[in-house]
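Below you'll find the structure, written out as structure tokens, and then a few comments.
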Amino acid sequence: MASSNFFLLIPLIALVTTQAMASDPSPLQDLCVADKNSPVRVNGFPCKDAKDVSVDDFFLAANLDKPMDITKSKAGSNVTLINVMKLAGLNTLGISMARIDYAPKGQNPPHTHPRATEILSVIEGSLYVGFVTSNQANGENKLFTKTLNKGDVFVFPEGLIHFQFNPSYDKPAAAIVALSSQNPGAITIANAVFGSNPPISDDVLAKAFQVDKKAVDWLQAQFWENNHN
């Protein structure tokens, strides 16, 4: 009987192990340039025919050496993301990158990347950065923060809420980040909660945030911008 139970556990252990190690699927060939015009729907993109692949599928004149416009952002930041939607050669490679520009006192608001770990390096100015852990057994969510200067590096674990803030009153800041997914996704917390379409019931949000409905209605009436480009 014990032997029988052991063999029943083997597929369960295999399933749990597979789920724990899940990420962007590894490439099974040298190249799989995304064919965005294909009618086939898969997790990611199907491969372009190899005979139609060119060097330009792996190149993008992204101008990441130049500061991006931050004057129109209410958050005071601009995220220029280079993912598989912009660079088809990233398909199946499990990586993307971005440049983030911050106005004085600007921020990249609290957000998560549901499919990626992020590593950031400051290339101009200073940044106050941090992330919050998932719900712990003691009911707490621990905050980890650090002030970074030019050349410093910081990593944000996959799926955790994190932020960056430029503490300077008069100097801009900038960073380059790499992400462990061809399409990491971004969920800006305030935008998702108060700017969803259709809106989340104010009964739900008033209870969740322990405020009255007027406060929720006011927040939902604001313009929640997307600072990702």
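From the backbone N, Cα and C atoms, a Cβ is placed for every residue, glycine too.
Copied from Swiss-Prot, the annotated features are:
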- His111, His113, Glu118, His162: Mn(2+) binding site (BINDING)
- Cys32-Cys47: disulfide bond (DISULFID)
- 62-217: domain 'Cupin type-1' (DOMAIN)
- Asn78: N-linked glycosylation site (CARBOHYD)
- 1-22: signal peptide (SIGNAL)
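Recorded features from Swiss-Prot, shown on the structure.
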| residue | record | contacts (Cβ under 8 Å, 6+ apart) |
| --- | --- | --- |
| Cys32 | disulfide bond | Cys47, Lys48, Asn91, Thr92 |
| Asn78 | N-linked glycosylation site | Met68, Asp69, Ile70, Ile100, Asp101, Asn227, Asn229 |
| His111 | Mn(2+) binding site | Ile161, His162, Phe163, Ala186, Ile187, Thr188, Ile189 |
| His113 | Mn(2+) binding site | Phe156, Glu158, Gly159, Leu179, Ser181, Pro184, Gly185, Ala186, Ile187 |
| Glu118 | Mn(2+) binding site | Val155, Phe156, His162, Val177, Ala178, Leu179, Ser180, Pro184 |
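Across the residues of the domain 'Cupin type-1' (62-217), the predicted structure has a mean pLDDT of 96.
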